[in-house]
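Remarks on the structure that follows.
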Amino acid sequence: MNDSSLSPEVTADLEYGLDILELDRAYVVPLLAYLTLLIRWNRTYNLTAIRDPREMVVRHLLDSLAIQRYVTVGRLADLGSGPGLPGIPLAISCPSLQVTLVESNGKKARFLREVVRQLGLSNVGVSEVRAEALDEALMYEHLTARALDTLNGIVTVGGHLLKSEGTLLAMKGAYPHEEIAMLPPHWVVEAVHRLQVPKLTGERHLVIVRKR
């Protein structure tokens with residue numbers, strides 16, 4: 001499968017979303033190359049329950065890119081990356097960002113390595129390990145997590161990776177009042193942003209938590 005086999009509507013949806021998010025349309029080509037690989041591998045390996053390419057654009061690509069403005073440089077660990085979300089879209093749109101995709105599932109990690117190879121993503125590495133077992137303490141300015149765990153669960157398994165004053169960017173649906181209240185000491189909510197994801201209905205929030 002190649003990019004040309006994707007419908008014009010898929011490309012149009014992505015271009016529209018990038019325009020709304022004020023991101024360069026130059027990212028269309030690598031993002032569609034990633035989407036093509038995801039669709040192909042998903043047939044065999046069931047990497048995501050979403051099958052429709054247009055829905056993938058909205059719920060995977062644009063949803064991930066909605067947080068791009070909040071992290072553009074430094075080192076980032078994407079915990080429980082799954083099929084590379086939000087890590088790969090962020091790496092594509094932020095070439096100066098050094099991204100480590102942390103994924104313990106073997107088939108998903110193999111897919112991620114293939115994406116990195118085929119797209120030539122020199123700013124991306126893959127660690128096939130659980131976050132709590134990653135021996136890179138205090139190495140990252142940022143952590144991302146999308147549908148991984150509660151805020152407390154995320155900082156418990158991955159907090160050691162962050163430098164002092166580093167930030168966790170946790171992607172959530174509804175405003176997570178109870179999760180915020182359960183954060184341990186030395187983790188401070190810096191901001192909660194309501195995300196506007198093009199063509200996506202329903203609530204999306206980004207919780208930015210700073211390590212003190």
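If you go along the chain as it appears here, the first residue is 1 and each next one adds 1.
Yeah, the Cβs are placed from backbone N, Cα and C, and that goes for glycine too.
The S-adenosyl-L-methionine site recorded in Swiss-Prot comprises Gly80, Leu85, Ala131, Glu132 together with one of Arg59, Arg113, Arg146, namely Arg146.
According to its DSSP assignment, Gly80 (S-adenosyl-L-methionine binding site) is coil. The 10 Å shell around the Cβ of Gly80 (S-adenosyl-L-methionine binding site) contains 22 further Cβ atoms across the protein chains shown.
Of all Cβ atoms in the shown protein chains, 14 besides its own fall within 10 Å of the Cβ of Glu132 (S-adenosyl-L-methionine binding site).
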